[in-house]
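Trainee: According to Swiss-Prot, the protein carries these features:
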MOD_RES   2  phosphoserine
MOD_RES   2  N-acetylserine
MOD_RES   45  phosphothreonine
REGION    1-64  region 'Disordered'
TOPO_DOM  2-155  topological domain 'Cytoplasmic'
TOPO_DOM  203-218  topological domain 'Cytoplasmic'
TOPO_DOM  283-338  topological domain 'Cytoplasmic'
TRANSMEM  156-176  transmembrane segment
TRANSMEM  182-202  transmembrane segment
TRANSMEM  219-239  transmembrane segment
TRANSMEM  262-282  transmembrane segment
């Protein structure tokens, strides 16, 4: 209080600490923006750095986006579904086979009660000769093999028709060339020979092989069918004096007469188709044979069992044994007398 000056005429800034030159020099160096900024004034805009954006609420729904890697439980579910589908498929197949076996068993029982009559070839009732074989694909052949056996049956029929047309082709060739009498005669012989022999020698063994799953009959079919395929190739070739309207004979006949040559070319094409289809079906039957579990060892066992169980063979063996024993006894008795 001692420093307080009551003189009204004295300089008011004399004792003012804020008027010190060192203080006023520092205050003059403040940036001009701070002097002009008034925090309580609304007329002036705040500096750009101090402006804050309002918080906008997120309007998107809270959905979890799937990642690239699927969870482990998804893969397990898929594997379980595939395994279940496979089991259902196998179950349906087993049920179908069981139903087929039941149906075949009932039909076999009906046939055993009423007798199994031959129905092939389908001849009229008043014909002097009756059917020789029994054939029913739905009864004898399993479902998975019926289509193949039917195709082989149709192939046999196709070859028989081709042999029948071959007779007319050789006849037409003989009409324009009198030196082809041998071909015409052989064409008749081939039709009468190959039609029944092919049915008995390779088709019936195939039918019986699929009917009873016989390995021995499969091997009989393969052996005979290879020979049959060789016959198809020779017939398609058509060598002279062999009784076939093959390609060689067709070209020769075409030089003699164009209509006859065209007819022979058609027959040669049928023989060629028989050879090609025979090769395709041979591969198909061989593939099915590999899936049936047949083998050469089983064929040997079936052959031995069939031979030993055959009554004719048993009778012949017994007669041979008795004859040998009788002759041995007689020789021994004569030796003792001497």
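Cβ coordinates are placed from backbone N, Cα and C, and glycine is handled just like the others.
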Trainee: Quick one: DSSP breakdown of the topological domain 'Cytoplasmic' (203-218) into helix, strand and coil?
Mentor: 14 helix, 0 strand, 2 coil
Trainee: Within the topological domain 'Cytoplasmic' (283-338), what mean pLDDT does the predicted structure show?
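Mentor: Across the residues of the topological domain 'Cytoplasmic' (283-338) the model's pLDDT averages 66 on the 0 to 100 scale.
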